[in-house]
Amino acid sequence: MISVFQLNESQRQAVEWGEKSLLVLAGPGSGKTAVLTMRIANIIKNSPDENFRILGLTFTVKAAKEMKDRINMLLGNMDNRVQLRTFHAFCTDLLRQHGSHLNLKPDFSVITDEKDRIAILKELDVDNPEDILSRIDTMFTHGISVEELPKYFTPENQTECYDLQTIFNQYIQALSKENQLDFGSMLYFTRQLLETKPRIARQLRTVYKYICVDEFQDTNLAQYLILKLLAPTENANLFIVADEDQIIFQWNGADPKRLESLKSDYNIEVLQLPYNYRCQKEIVEIANKLIEHNSYRIHTKKPGIPFSDESGTVKLTSYENFDHELSGLVDEINVIPLKSRDKCLLIARSNKLLTAANKYLNEHSINAEIVSKNQDFSSPILLTMYFCLKLANAANSRSVLNKLCASATDINGLVLSAEDISAKAHVEGSSLLRAFFDTASQSEILNPVCNAGISYLCDTIQFQKFIEIYINHFDYLNTDDEKDDLFPDYKDDKENWTRIAQDIEDTYEGNVGLHVFLQEMDLTPKLKSIGKDCVRLQTVHSAKGMEFDHVFIIGLAEEQFPTYFAIRSGNKSIEEERRNCFVAITRASKSLYLSYANEYFGWHKQPSRFLKEMGLLND
DNA sequence: GGCGGGACCATTTTT
DNA sequence: TGGTCCCGCC
């Protein structure tokens, strides 16, 4: 942990920043999280008698959690004046409190499954729901209202525009009627709330005197508009941390232009954290050279400066074809001792190359695993418990019942029909969940948890008690003998469950309703445990924010990295690819192994232009 | 047996 | 944008 005394000059300036807005340009490894959290802690410590709060907004759950942990270390139990949330979690908090103005009930649930969104559109008799959904998402991420929509259509396409307007309105109505929100609508409703109820916005402004935003470059327009409603004047106290060279979510609405808007909308000062504490100097040098080729940059940003004098390694190797490249990779990894394998990261631009590399490495006795965040639980046991809770929260949802029946059927093969259970509930005038428990109790393995379910989810709501009994039951069955095969993924799922449940406990201090509990469960990514002495394989996007001693990047060839798509669609996309490459190489602290082949899957490819730009290859 | 023409393949994924 | 393979036709 860095203390105030170890800060460099620009870091200290940022930490001690008080009133007015500041934009902190923070490259890879510049210590931005330390700066952000220490500045927050400073303000709180220097105002013990005041009761304003500080709002910290992040883009990812992981970043919010990281900041929470650090703030907790710095402030201990004084941290109740600091609210650290992702944009989306902040919006749900707000909508649970004030959503009644928009006819939203406080116990709404969160849709995370694309299929459920498609299902809503199908109910509305939409022709090609996938296409319409992506249009609706574009409206959401760009904050485009129904009224503004005609601007985006040519005069001869106005019918198409009118159709989309109608469907968008119907979709919004369906969400509020079914008491469900998806990610996009959270932002949509929040903006509407703050625009139509200026009193609420004003109240928030009084409470949150300071607002910090981490990874600002990732915000889409809808999020930025919400920020502007929270801090409408140019004299606001915004503290924005951003790196324009790491915008790699453009396809999701992030845009280099956002920083320009920020600078013109606010009377903002700019400060750069120039030192790179992560990467050794050879790596910083090629990263600087590479990113210089991007033209959409704030011109005041200076190249990164390596903090350490120590020498790192940058090695480029070329191969005849992809097979040779993989074989060369095996040789390189074999040099690294087993105990350091968990400090190795293999990056590829696409999952196709990553999958092939994974297969090859494992066939050549190198432990390797593709690391990707899986959004959902995967073991039937945990899923069944989770859907029981969901059905307790959304009592009439047929789609939840369908999923519950499917997962419960997977546990032991006793077929549970959603159709029959629904009919039974109708005849008996009971809830879907009660009818489910009545039916499923015929299964020997499920019987004890069904009884618990009736007592603690139907007769009374004591969902924590239900969870406890449910998990104990399967823990008992699981330790009975070697039944790992019988309960696939149960261990990983349970670890995730207990971890998230603990986080929720910490955040809400044990005082949490079922809908909020489920919301946090839904919005928190589930991690996969990784084997011993294992090399991690990740795509560029999923590796963002991480750091490893040794990084291997394969497939540095034209039409792989940069991708074929980017090359075809022009300079704006190439610049995003360049930022992707920048993010990839700056994951490495000590050594960086780059490689390309002349042939992939039978197609001849040129070496990536980025290698030339980094000065590693001549024209 | 030699040829012309068409098919083949092409990204990332948070909230 | 590529190279290669296979099919059908002459």
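Yeah, the Cβs are placed from backbone N, Cα and C, and that goes for glycine too.
Look at TrEMBL and you will find A:5-280 tagged as domain 'UvrD-like helicase ATP-binding'.
The annotation ATP binding site is assigned in TrEMBL to A:Ala26, A:Gly27, A:Pro28, A:Gly29, A:Ser30, A:Gly31, A:Lys32, A:Thr33. All protein chains included, A:Pro28 (ATP binding site) registers 25 other Cβ atoms within 10 Å of its own Cβ. Look at A:Pro28 (ATP binding site): DSSP puts it in coil.
Ranking the binding-site residues A:Ser30, A:Thr33 by other CB atoms within 10 A of the CB puts A:Thr33 at the bottom. DSSP assigns A:Thr33 (ATP binding site) to a helical segment in the three-state reduction.
Its own atom aside, the Cβ of A:Gly31 (ATP binding site) has 23 Cβ atoms within 10 angstroms in the protein chains shown. Within 8 A of the CB centroid of the ATP site residues A:Ala26, A:Gly27, A:Pro28, A:Gly29, A:Ser30, A:Gly31, A:Lys32, A:Thr33, the other residues of that chain are A:Asp243, A:Leu273, A:Asn276, A:Tyr277, A:Arg278. Taking each Cβ in turn and tallying the other Cβ atoms within 10 Å, the top scorer among the binding-site residues A:Gly27, A:Gly29 is A:Gly27.
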